[in-house]
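The structure appears right after this line, and notes come after that.
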Amino acid sequence: MNGGDVAVAGAGDDDLKSPLLPVVHSEEPFERQTVGQQLRAIFAPKNCYIALGPLLCAVVCLCVRLGGDETTTAKNMLGVLAWMFAWWLTEAVPMPITSMTPLFLFPLFGISAADVVADSYMDDVISLVLGSFILALAVEHYNIHRRLALNITLVFCVEPLNAPLLLLGICATTAFVSMWMHNVAAAVMMMPVATGILQRLPSSSSSSEVVPPAVGKFCRAVVLGVIYSAAVGGMSTLTGTGVNLILVGMWKSYFPEADPISFSQWFFFGFPLALCIFVVLWGVLCVMYCPKGAGKALSPYLHKSHLKRELELLGPMNFAEKMVLAVFGGLVLLWMTRNITDDIPGWGVIFNGQAGDGTVSVMMATLLFIIPSKIKKGEKLMDWSKCKKLPWNIVLLLGAGFAIADGVRTSGLAEVLSKGLVFLETAPYWAIAPTVCLIAATITEFTSNNATTTLLVPLLIEIAKTMGIHPLLLMVPGAIGAQFAFLLPTGTPSNVVGFTTGHIEIKDMIKTGFPLKIAGTIFLSILMPTLGAYVFASKGGD
């Protein structure tokens with residue numbers, strides 16, 4: 001203690017006056033900007049986009065007349081929506097920051113109290129996201145995804161080599177992984193596995209040998225297969241993509257008296273739909289990129305022994321990997337059995353329906369911080385330092401979507417919008433559902449899937465009420481259509497992951513993505529009023 005006091009006393013007044021952070025002295029002389037340069041800096045596109053949000057909000061609040069029984073709160077809500085979507089679409093401000101704007105815009109505009117808005121950023125759906133992402137990080141940390149991919153691919157790598165079958169193995173593995181974690185994370189984790197297989201193939205830039213055309217085509221097929229399989233697999237489950245979670249959260253917000261959509265219910269509808277789209281995806285890739293004789297051209301470079309060698313390098317599964325896999329399997333089992341059918345209740349009835357999917361998600365994630373890894377003394381399977389990559393941007397975006405849903409409903413804007421959609425009462429469902437899906441699939445090419453869903457779903461709820469049909473009959477096509485971002489690299493981060501490998505071009509994505517988008521719309525239009533009506537029959541919302 002005394003030594004510390006002496007050290008402080010001897011430090012001198014100069015040290016106390018020194019800045020907390022080092023001062024950086026520029027070696028280059030300061031150049032005074034001209035008036036023209038200053039104006040160009042002020043009116044740069046980025047700054048104009050930033051000003052666009054508040055400007056649109058002011059125009060809506062001061063000039064727009066909604067008609068009917070409009071209220072100031074409803075008009076303010078519309079203005080705030082214009083502000084937020086302007087920033088989301090232009091990315092003038094980082095999307096996570098835009099997602100937090102309801103926390104101050106809603107109270108300032110008299111839409112909701114601060115505590116009410118804050119509640120939207122942490123509910124059972126967001127708990128589901130946090131728990132599943134922590135588990136996904138554990139799977140990634142212990143290389144379980146890589147071991148799984150190699151084992152499944154080995155099954156499909158037969159002798160003599162069958163290119164379509166090998167492609168099926170890679171795509172099916174990616175889709176399966178994407179079912180249990182976010183589709184972007186699945187694409188990021190599976191792409192190195194896929195490109196590791198492709199690295200054994202000769203490159204077209206190599207001058208030492210002539211590369212068969214089938215090799216280049218197969219490389220494109222694999223990369224396209226990974227990014228699209230991640231998107232399709234994510235449609236199967238609630239945890240596969242943020243869009244599904246936004247849909248479930250908005251359903252809960254708009255219809256609190258109705259039964260929530262459970263993990264198992266969504267799976268019973270989402271999996272058959274995803275399976276149909278996946279079969280079309282594989283067929284399109286085989287027709288376009290796996291010509292006859294492709295297996296013979298690839299066989300000199302791809303062999304089962306290569307995959308076995310990579311698997312051997314991983315070594316046998318240790319205790320930590322087995323425990324993470326056991327926790328993962330237990331979580332899936334609990335998700336699927338919480339609420340089975342009306343006749344066969346799941347384990348949720350034991351707790352009088354108070355336990356949700358987020359409950360078990362966080363509970364199983366907590367076990368990872370309790371179970372020892374047996375790698376180092378005192379080390380657990382997970383610690384907080386391994387959770388630094390948690391996608392808080394997705395959590396905040398989900399919270400913003402739920403806050404918007406609450407704001408549209410409580411402000412009276414939903415009622416105003418519904419009165420303007422009376423003309424749709426006589427429109428047939430078979431015409432509206434595909435149109436909704438195609439509109440969502442088009443918008444999502446230019447903005448994020450989550451932002452598209454957040455924009456469209458509240459409007460679709462009002463359209464469904466006007467038409468006198470169950471809201472989910474339009475909400476689901478709109479939300480799933482927002483996941484059909486198959487044409488452009490910028491449509492979704494998964495597409496960027498594949499595009500940056502250098503194996504594919506935009507024309508490859510358009511050739512493959514367009515028939516996939518059309519097939520998805522057709523399947524969705526058929527399955528929603530048939531299978532969907534049966535699966536979601538017990539839901540309220542009328």
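Backbone N, Cα and C define each Cβ position, glycine as well.
It should be emphasised that the depicted structure is a prediction, and the values quoted were computed from it without experimental measurement.
Taken from TrEMBL, the feature transmembrane segment applies to 49-68 (among others). With a cut-off of 8 Å between Cβ atoms, the residues of this chain six or more beyond the transmembrane segment (49-68) that come close are 74-76, 78-80, 82-84, 86-87, 90-93, 416, 419-420.
Long-range contacts of the transmembrane segment (80-105) within the same chain, counting only residues at least 6 positions beyond its ends with a Cβ under 8 Å from a Cβ of the stretch, are 46, 49-50, 52-54, 56-57, 59-60, 111, 114, 117-118, 120-121, 392-393, 396-397, 399-400, 403-404, 407-408, 446-448, 451, 455. The transmembrane segment annotation in TrEMBL covers 80-105 (among others).
With a threshold of 8 Å between CB atoms, the same-chain residues lying at least 6 positions outside the transmembrane segment (125-142) that come near it are 180-182, 185, 189, 238-239, 242, 245, 248-249, 252, 320-321, 324, 327-328, 331, 356-365, 368, 381-382, 386-387, 389-391, 394-395, 398-399, 402. If you look up TrEMBL, you'll see 125-142 (among others) marked as transmembrane segment.
Cβ atoms under 8 Å from those of the transmembrane segment (154-177) belong to residues 145, 148, 186-187, 189-190, 194, 197, 214, 218, 221-222, 225-226, 228-230, 232-233, 236, 274, 278, 281-282, 285-286, 290, 294-296, 298-299, 302-304, 307-308, 311 of the same chain, restricted to positions at least 6 beyond its ends. Per TrEMBL, transmembrane segment is recorded for 154-177 (among others).
Taken from TrEMBL, the feature transmembrane segment applies to 222-246 (among others). Sequence-distant contacts of the transmembrane segment (222-246), counting only residues of its own chain at least 6 positions beyond either end whose CB sits under 8 Å from a CB of the stretch, comprise 125, 128-129, 132, 167, 170-172, 174-184, 186-187, 190-191, 194-195, 197-198, 261, 263, 266-267, 270-271, 273-274, 277-278, 281-282, 285, 289, 357, 394, 397-398, 401-402, 449-450, 453-454, 457, 479-480, 482-483, 485-486, 492, 494-495, 497-498, 501, 503-504, 508-509, 512-513, 516.
Look at TrEMBL and you will find 266-290 (among others) tagged as transmembrane segment.
The transmembrane segment annotation in TrEMBL covers 311-335 (among others). Panel annotation: around the transmembrane segment (311-335), residues 131-132, 135, 138-139, 142-144, 146-147, 150-151, 154, 180, 263-264, 347, 357, 360-361, 364, 367-368, 371, 373-375, 381 of the same chain, lying at least six beyond its termini, place a Cβ under 8 Å from a Cβ of the stretch.
Sequence-remote contacts of a segment are chain residues at least 6 beyond its ends whose Cβ falls under 8 Å from one of its Cβ atoms, and for the transmembrane segment (347-370) they are 123-132, 134-135, 138, 238, 260, 262-263, 324, 327, 330-331, 334-335, 337-339, 380-384. Marked as transmembrane segment by TrEMBL: 347-370 (among others).
TrEMBL lists 390-408 (among others) with the feature transmembrane segment.
Under 8 Å from some Cβ of the transmembrane segment (428-447) lie the Cβ atoms of residues 88-89, 453, 455-456, 460, 463, 467, 469, 473-474, 477-485, 487-488, 490-492, 517, 520-522, 524-525, 528-529, all in the same chain and six or more residues away from its ends. Feature annotation from TrEMBL assigns transmembrane segment to 428-447 (among others).
Annotation comment: TrEMBL describes 468-488 (among others) as transmembrane segment.
Residues of the same chain lying 6 or more positions beyond the ends of the transmembrane segment (518-537) and with a Cβ under 8 Å from any Cβ of it are 261, 265, 268-269, 272-273, 276-277, 280, 429-430, 433-434, 437-438, 441, 470, 472-473, 476-477, 480-481, 484. Under the heading transmembrane segment, TrEMBL lists 518-537 (among others).
Nonlocal intrachain contacts for the transmembrane segment (468-488), taken as residues 6+ away from its ends with a CB within less than 8 angstroms of a stretch CB, comprise 228, 231, 234-235, 241, 243-244, 246-247, 250-251, 254-255, 269, 273, 425, 429, 432-434, 436-441, 443-446, 449, 452-453, 456-457, 460-461, 495, 506, 509-510, 512-514, 516-517, 520-521, 524-525, 528-529, 532-533, 536, 539, 541-542.
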